[in-house]
Amino acid sequence: MKCIGVLTSGGDAPGMNAAIRAVVRTGLDNGIRVMGIQRGYSGLINGELFEMDRRSVADTIQRGGTILRTARSKEFKTKEGRKKAVNILKAFGIDGLVVIGGDGSFRGASELAKQDICTIGIPGTIDNDLTYTDYTIGFDTAINTVLDAINKIRDTSTSHGRVSIIEVMGRNCGDIALYAGLAGGAESIIVPEKNYDLNELCKTILEGKIRGKRHNLILLAEGVGGADELAKKVQEITSIDTRATILGHIQRGGSPTCMDRVLASQMGYRAVELLFEGKTSRAIGIKFGKIIDEDIEEALNMPRNFNEKLYQIAMALSY
Ligand code: F6P
(Lines of atoms letter the chains of each structure in order from A and count residues from 1; the text may use other names and numbers.)
(Lines give C-alpha, C1' and ligand atoms only; values in the text may rest on other atoms or scores of the structure.)
Protein backbone atom coordinates (compact mmCIF):
# COMPACT_ATOMS: atom_id res chain seq x y z
CA MET A 1 0.00 0.00 0.00
CA LYS A 2 1.63 3.24 -1.15
CA CYS A 3 -1.26 5.62 -1.63
CA ILE A 4 -4.84 5.76 -0.35
CA GLY A 5 -7.82 7.97 -1.16
CA VAL A 6 -10.56 9.25 1.11
CA LEU A 7 -13.97 10.64 0.20
CA THR A 8 -17.26 11.59 1.84
CA SER A 9 -20.49 10.86 0.01
CA GLY A 10 -24.26 11.27 0.44
CA GLY A 11 -25.74 13.41 3.21
CA ASP A 12 -23.07 15.02 5.36
CA ALA A 13 -22.85 14.27 9.08
CA PRO A 14 -21.09 16.00 11.98
CA GLY A 15 -17.90 14.06 12.73
CA MET A 16 -17.01 13.34 9.11
CA ASN A 17 -14.08 15.76 9.44
CA ALA A 18 -12.79 13.93 12.50
CA ALA A 19 -12.88 10.69 10.47
CA ILE A 20 -11.04 12.30 7.51
CA ARG A 21 -8.45 13.69 9.92
CA ALA A 22 -7.87 10.24 11.42
CA VAL A 23 -7.52 8.60 7.99
CA VAL A 24 -5.09 11.26 6.75
CA ARG A 25 -2.87 11.33 9.81
CA THR A 26 -2.82 7.55 10.30
CA GLY A 27 -1.92 7.09 6.64
CA LEU A 28 0.86 9.70 6.74
CA ASP A 29 2.24 8.27 10.00
CA ASN A 30 2.59 4.95 8.20
CA GLY A 31 4.55 6.52 5.38
CA ILE A 32 1.93 6.45 2.63
CA ARG A 33 0.47 9.24 0.51
CA VAL A 34 -3.12 10.28 1.09
CA MET A 35 -5.31 11.80 -1.62
CA GLY A 36 -8.44 13.74 -0.73
CA ILE A 37 -11.26 13.23 -3.22
CA GLN A 38 -13.72 16.11 -3.37
CA ARG A 39 -17.52 15.88 -3.77
CA GLY A 40 -17.76 12.11 -3.31
CA TYR A 41 -18.07 9.79 -6.30
CA SER A 42 -18.93 12.77 -8.55
CA GLY A 43 -15.60 14.39 -7.82
CA LEU A 44 -13.84 11.08 -8.23
CA ILE A 45 -15.25 10.65 -11.74
CA ASN A 46 -14.22 14.24 -12.58
CA GLY A 47 -10.71 13.81 -11.18
CA GLU A 48 -11.17 16.32 -8.33
CA LEU A 49 -8.31 14.98 -6.20
CA PHE A 50 -5.56 16.66 -4.21
CA GLU A 51 -2.73 15.42 -2.05
CA MET A 52 -3.28 15.91 1.67
CA ASP A 53 -0.73 16.57 4.42
CA ARG A 54 -1.08 16.84 8.19
CA ARG A 55 -1.97 20.52 7.92
CA SER A 56 -4.80 19.82 5.44
CA VAL A 57 -6.80 18.49 8.38
CA ALA A 58 -5.61 20.99 11.00
CA ASP A 59 -8.39 22.82 12.83
CA THR A 60 -11.11 20.48 11.48
CA ILE A 61 -11.96 18.09 14.33
CA GLN A 62 -14.46 20.55 15.78
CA ARG A 63 -16.11 21.47 12.48
CA GLY A 64 -19.41 20.10 11.20
CA GLY A 65 -19.99 19.32 7.52
CA THR A 66 -17.18 17.82 5.47
CA ILE A 67 -14.05 19.62 4.28
CA LEU A 68 -14.01 17.25 1.28
CA ARG A 69 -17.57 18.33 0.43
CA THR A 70 -20.12 15.78 -0.69
CA ALA A 71 -22.52 14.89 -3.49
CA ARG A 72 -24.95 12.27 -4.70
CA SER A 73 -23.76 10.97 -8.08
CA LYS A 74 -26.16 9.55 -10.66
CA GLU A 75 -23.30 8.84 -13.05
CA PHE A 76 -21.54 6.60 -10.55
CA LYS A 77 -24.61 4.37 -10.50
CA THR A 78 -23.91 3.47 -14.15
CA LYS A 79 -21.31 0.94 -15.31
CA GLU A 80 -19.57 3.59 -17.43
CA GLY A 81 -19.41 6.00 -14.50
CA ARG A 82 -17.80 3.37 -12.27
CA LYS A 83 -15.31 2.49 -15.02
CA LYS A 84 -14.28 6.17 -15.14
CA ALA A 85 -13.85 6.15 -11.35
CA VAL A 86 -11.65 3.06 -11.43
CA ASN A 87 -9.51 4.57 -14.20
CA ILE A 88 -9.00 7.77 -12.17
CA LEU A 89 -8.03 5.79 -9.06
CA LYS A 90 -5.50 3.81 -11.11
CA ALA A 91 -4.16 6.93 -12.84
CA PHE A 92 -3.46 8.50 -9.43
CA GLY A 93 -1.87 5.28 -8.15
CA ILE A 94 -4.47 4.86 -5.40
CA ASP A 95 -4.45 1.29 -4.06
CA GLY A 96 -6.93 1.72 -1.21
CA LEU A 97 -10.03 3.84 -0.75
CA VAL A 98 -11.85 4.90 2.41
CA VAL A 99 -15.49 5.84 1.83
CA ILE A 100 -17.29 7.78 4.57
CA GLY A 101 -21.07 7.81 4.15
CA GLY A 102 -24.32 5.90 4.47
CA ASP A 103 -25.85 2.89 2.74
CA GLY A 104 -25.75 4.38 -0.79
CA SER A 105 -22.07 5.24 -0.37
CA PHE A 106 -21.38 1.71 0.89
CA ARG A 107 -23.08 0.24 -2.19
CA GLY A 108 -20.65 2.28 -4.31
CA ALA A 109 -17.70 1.10 -2.23
CA SER A 110 -18.79 -2.50 -2.69
CA GLU A 111 -18.95 -2.04 -6.48
CA LEU A 112 -15.42 -0.64 -6.51
CA ALA A 113 -14.18 -3.55 -4.40
CA LYS A 114 -15.50 -5.90 -7.10
CA GLN A 115 -13.15 -4.12 -9.51
CA ASP A 116 -10.07 -4.80 -7.43
CA ILE A 117 -9.93 -1.52 -5.54
CA CYS A 118 -9.43 -2.18 -1.81
CA THR A 119 -12.28 -0.32 -0.15
CA ILE A 120 -13.25 0.27 3.45
CA GLY A 121 -16.51 1.92 4.53
CA ILE A 122 -16.92 4.19 7.54
CA PRO A 123 -20.57 4.82 8.55
CA GLY A 124 -21.19 8.57 8.40
CA THR A 125 -24.89 9.45 8.56
CA ILE A 126 -27.09 11.11 11.15
CA ASP A 127 -29.81 8.50 10.51
CA ASN A 128 -28.22 5.58 12.41
CA ASP A 129 -29.89 3.32 9.87
CA LEU A 130 -27.12 0.74 9.40
CA THR A 131 -28.03 -2.33 11.43
CA TYR A 132 -24.54 -3.89 11.62
CA THR A 133 -23.29 -1.02 13.81
CA ASP A 134 -24.78 0.28 17.06
CA TYR A 135 -23.98 3.87 16.09
CA THR A 136 -23.08 5.86 12.98
CA ILE A 137 -20.98 9.02 12.98
CA GLY A 138 -23.20 12.10 13.30
CA PHE A 139 -26.11 10.43 15.08
CA ASP A 140 -25.07 11.57 18.56
CA THR A 141 -24.66 15.19 17.45
CA ALA A 142 -27.99 15.11 15.61
CA ILE A 143 -29.94 13.76 18.60
CA ASN A 144 -28.40 16.40 20.83
CA THR A 145 -29.42 19.09 18.34
CA VAL A 146 -32.96 17.69 18.36
CA LEU A 147 -32.93 17.51 22.16
CA ASP A 148 -31.98 21.17 22.39
CA ALA A 149 -34.91 22.01 20.09
CA ILE A 150 -37.31 19.83 22.14
CA ASN A 151 -36.30 21.63 25.35
CA LYS A 152 -37.07 24.98 23.74
CA ILE A 153 -40.34 23.87 22.18
CA ARG A 154 -41.39 22.37 25.53
CA ASP A 155 -41.14 25.85 27.15
CA THR A 156 -43.50 27.52 24.71
CA SER A 157 -45.74 24.47 24.46
CA THR A 158 -46.21 24.47 28.25
CA SER A 159 -46.87 28.21 28.38
CA HIS A 160 -49.69 27.92 25.84
CA GLY A 161 -50.98 24.48 26.82
CA ARG A 162 -50.42 23.25 23.28
CA VAL A 163 -49.64 20.03 21.49
CA SER A 164 -46.32 20.26 19.62
CA ILE A 165 -45.43 17.95 16.79
CA ILE A 166 -41.72 17.88 16.04
CA GLU A 167 -40.71 16.30 12.76
CA VAL A 168 -37.18 14.90 12.64
CA MET A 169 -35.02 13.28 9.96
CA GLY A 170 -34.19 9.62 9.58
CA ARG A 171 -35.81 8.55 6.32
CA ASN A 172 -36.93 4.98 7.04
CA CYS A 173 -35.28 4.79 10.44
CA GLY A 174 -36.91 6.02 13.64
CA ASP A 175 -33.76 6.18 15.79
CA ILE A 176 -33.47 9.99 15.87
CA ALA A 177 -37.12 10.27 16.96
CA LEU A 178 -36.73 7.41 19.46
CA TYR A 179 -33.54 8.55 21.24
CA ALA A 180 -34.33 12.28 21.24
CA GLY A 181 -37.94 11.50 22.15
CA LEU A 182 -36.94 9.45 25.19
CA ALA A 183 -34.34 12.00 26.31
CA GLY A 184 -36.74 14.89 25.74
CA GLY A 185 -39.64 13.28 27.58
CA ALA A 186 -41.93 13.18 24.54
CA GLU A 187 -45.45 11.92 25.20
CA SER A 188 -45.61 10.10 21.84
CA ILE A 189 -43.00 8.87 19.37
CA ILE A 190 -44.11 8.02 15.86
CA VAL A 191 -41.62 6.02 13.80
CA PRO A 192 -41.74 4.09 10.51
CA GLU A 193 -40.98 0.81 12.29
CA LYS A 194 -44.25 0.91 14.28
CA ASN A 195 -47.84 1.39 13.19
CA TYR A 196 -49.73 4.15 14.90
CA ASP A 197 -53.40 4.93 15.19
CA LEU A 198 -54.51 8.58 14.98
CA ASN A 199 -57.48 8.07 17.29
CA GLU A 200 -55.31 6.33 19.91
CA LEU A 201 -52.80 9.19 19.66
CA CYS A 202 -55.55 11.77 20.25
CA LYS A 203 -56.98 9.75 23.12
CA THR A 204 -53.53 9.74 24.78
CA ILE A 205 -53.29 13.51 24.34
CA LEU A 206 -56.72 14.12 25.88
CA GLU A 207 -56.08 11.72 28.77
CA GLY A 208 -52.78 13.50 29.46
CA LYS A 209 -54.60 16.82 29.61
CA ILE A 210 -57.14 15.41 32.08
CA ARG A 211 -54.26 14.15 34.27
CA GLY A 212 -52.85 17.71 34.31
CA LYS A 213 -50.24 17.67 31.56
CA ARG A 214 -49.71 21.21 30.35
CA HIS A 215 -48.01 20.32 27.10
CA ASN A 216 -47.87 17.35 24.80
CA LEU A 217 -44.80 16.66 22.71
CA ILE A 218 -44.98 14.30 19.76
CA LEU A 219 -41.80 13.23 17.99
CA LEU A 220 -42.51 12.31 14.39
CA ALA A 221 -39.96 10.62 12.11
CA GLU A 222 -40.09 12.05 8.59
CA GLY A 223 -40.60 8.60 7.04
CA VAL A 224 -44.11 8.38 8.50
CA GLY A 225 -45.62 11.55 7.09
CA GLY A 226 -45.69 15.33 7.41
CA ALA A 227 -45.95 17.20 10.71
CA ASP A 228 -48.21 19.93 9.27
CA GLU A 229 -50.81 17.45 8.11
CA LEU A 230 -50.74 15.55 11.40
CA ALA A 231 -51.04 18.79 13.40
CA LYS A 232 -54.23 19.72 11.52
CA LYS A 233 -55.79 16.32 12.18
CA VAL A 234 -54.83 16.33 15.88
CA GLN A 235 -56.26 19.80 16.39
CA GLU A 236 -59.46 18.83 14.59
CA ILE A 237 -60.01 15.74 16.75
CA THR A 238 -58.83 17.03 20.15
CA SER A 239 -59.73 20.73 19.78
CA ILE A 240 -56.38 21.49 21.45
CA ASP A 241 -54.20 24.12 19.78
CA THR A 242 -51.51 22.15 17.90
CA ARG A 243 -48.31 23.40 16.26
CA ALA A 244 -45.87 21.66 13.94
CA THR A 245 -42.10 22.22 13.82
CA ILE A 246 -40.00 20.66 11.08
CA LEU A 247 -36.39 20.65 12.23
CA GLY A 248 -34.96 19.80 8.78
CA HIS A 249 -31.31 20.34 7.91
CA ILE A 250 -30.43 22.01 11.21
CA GLN A 251 -30.03 18.37 12.34
CA ARG A 252 -27.20 17.80 9.90
CA GLY A 253 -24.94 20.66 10.96
CA GLY A 254 -23.03 21.86 13.98
CA SER A 255 -19.89 21.01 15.87
CA PRO A 256 -19.72 17.25 16.51
CA THR A 257 -20.18 16.00 20.08
CA CYS A 258 -17.35 14.37 21.98
CA MET A 259 -18.92 10.94 21.29
CA ASP A 260 -18.96 11.54 17.54
CA ARG A 261 -15.38 12.82 17.48
CA VAL A 262 -14.12 9.82 19.45
CA LEU A 263 -16.11 7.37 17.32
CA ALA A 264 -14.93 8.98 14.07
CA SER A 265 -11.28 9.01 15.19
CA GLN A 266 -11.38 5.33 16.14
CA MET A 267 -13.06 4.38 12.87
CA GLY A 268 -10.73 6.44 10.68
CA TYR A 269 -7.70 4.90 12.40
CA ARG A 270 -9.10 1.38 12.01
CA ALA A 271 -9.89 1.95 8.31
CA VAL A 272 -6.21 2.55 7.54
CA GLU A 273 -5.17 -0.41 9.71
CA LEU A 274 -7.52 -2.65 7.72
CA LEU A 275 -6.06 -1.46 4.41
CA PHE A 276 -2.58 -2.25 5.74
CA GLU A 277 -3.83 -5.71 6.71
CA GLY A 278 -4.80 -6.20 3.05
CA LYS A 279 -8.55 -6.22 3.80
CA THR A 280 -11.15 -5.02 1.34
CA SER A 281 -14.91 -4.57 1.17
CA ARG A 282 -15.21 -4.13 4.95
CA ALA A 283 -17.57 -1.82 6.80
CA ILE A 284 -16.36 -0.51 10.14
CA GLY A 285 -18.79 -0.33 13.02
CA ILE A 286 -19.11 -0.30 16.80
CA LYS A 287 -20.79 -3.11 18.71
CA PHE A 288 -21.07 -3.20 22.51
CA GLY A 289 -18.39 -0.48 22.69
CA LYS A 290 -15.86 -2.31 20.51
CA ILE A 291 -14.76 -1.30 17.01
CA ILE A 292 -15.63 -4.09 14.59
CA ASP A 293 -15.64 -4.68 10.84
CA GLU A 294 -18.06 -6.59 8.69
CA ASP A 295 -18.30 -7.57 5.03
CA ILE A 296 -19.95 -4.57 3.31
CA GLU A 297 -22.55 -6.62 1.41
CA GLU A 298 -23.51 -8.53 4.55
CA ALA A 299 -23.66 -5.30 6.51
CA LEU A 300 -26.03 -3.81 3.92
CA ASN A 301 -28.27 -6.86 3.85
CA MET A 302 -28.92 -7.06 7.58
CA PRO A 303 -32.63 -6.50 8.33
CA ARG A 304 -33.53 -3.39 10.32
CA ASN A 305 -33.55 -3.92 14.01
CA PHE A 306 -35.76 -1.49 15.95
CA ASN A 307 -35.03 -1.06 19.66
CA GLU A 308 -38.46 -2.05 20.91
CA LYS A 309 -37.35 -2.04 24.57
CA LEU A 310 -36.20 1.59 24.36
CA TYR A 311 -39.53 2.52 22.82
CA GLN A 312 -41.43 0.79 25.63
CA ILE A 313 -39.31 2.58 28.24
CA ALA A 314 -39.90 5.95 26.56
CA MET A 315 -43.66 5.37 26.54
CA ALA A 316 -43.80 4.05 30.10
CA LEU A 317 -41.84 7.02 31.48
CA SER A 318 -43.73 9.71 29.62
CA TYR A 319 -47.11 8.67 31.03
O1 F6P B 1 -28.48 12.33 5.96
C2 F6P B 1 -29.62 11.54 5.87
C3 F6P B 1 -30.81 12.38 5.62
O4 F6P B 1 -30.70 13.40 6.54
C5 F6P B 1 -32.19 11.78 5.72
O6 F6P B 1 -32.70 11.64 7.00
C7 F6P B 1 -32.99 12.73 4.87
O8 F6P B 1 -34.15 12.15 4.37
C9 F6P B 1 -32.05 13.06 3.78
O10 F6P B 1 -30.75 12.91 4.33
C11 F6P B 1 -32.24 14.40 3.16
O12 F6P B 1 -31.06 14.79 2.55
P13 F6P B 1 -30.92 15.85 1.37
O14 F6P B 1 -31.85 16.96 1.67
O15 F6P B 1 -29.48 16.23 1.40
O16 F6P B 1 -31.28 15.12 0.11
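From the backbone N, Cα and C atoms, a Cβ is placed for every residue, glycine too.
According to TrEMBL, the protein has these features:
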- 4-275: domain 'Phosphofructokinase' (DOMAIN)
- Gly11, Arg72, Ser73, Gly102, Asp103, Gly104, Ser105: ATP binding site (BINDING)
- Arg21, Ala22, Val23, Val24, Arg25, Arg154, Gly185, Ala186, Glu187, Arg211, Lys213, Arg214, His215: ADP binding site (BINDING)
- Asp103: Mg(2+) binding site (BINDING)
- Thr125, Ile126, Asp127, Arg162, Met169, Gly170, Arg171, Glu222, Arg243, His249, Ile250, Gln251, Arg252: substrate binding site (BINDING)
- Asp127: active site, proton acceptor (ACT_SITE)
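Overlay of TrEMBL annotations on the structure.
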{"residue": "Arg21", "record": "ADP binding site", "DSSP class": "helix"}
{"residue": "Arg72", "record": "ATP binding site", "DSSP class": "coil"}
{"residue": "Gly104", "record": "ATP binding site", "DSSP class": "helix"}
{"residue": "Asp127", "record": "substrate binding site", "DSSP class": "coil"}
{"residue": "Met169", "record": "substrate binding site", "DSSP class": "coil"}
{"residue": "Glu187", "record": "ADP binding site", "DSSP class": "coil"}
{"residue": "Lys213", "record": "ADP binding site", "DSSP class": "coil"}
{"residue": "Arg252", "record": "substrate binding site", "DSSP class": "helix"}
Please report the Cα separation of Ser73 (ATP binding site) and Arg21 (ADP binding site) in Å, rounded to an integer. 24
Going by DSSP, is Arg243 (substrate binding site) part of a helix, a strand, or coil? strand
Can you go through the binding-site residues Arg25, Ser73, Thr125, Asp127, Met169, Gly185 and pick out those with a C-beta less than 6 angstroms from ligand 1? Thr125, Asp127, Met169
Listed in sequence order, residues with CB under 8 A of Gly102 (ATP binding site) and six or more positions away: Gly10, Gly11, Pro123, Gly124, Thr125, Asp127, Asp129, Leu130, Thr136
Using C-alpha positions only, work out which of the binding-site residues Arg72, Ser105, Met169, Arg243, Ile250 is nearest to Arg21 (ADP binding site). Ser105
PLDDT averaged over every residue in the domain 'Phosphofructokinase' (4-275): 97
If you run the three-state DSSP split on Gly11 (ATP binding site), which class comes out? coil
Residues near Lys213 (ADP binding site) in space but at least six apart in sequence (CB under 8 A): Glu187
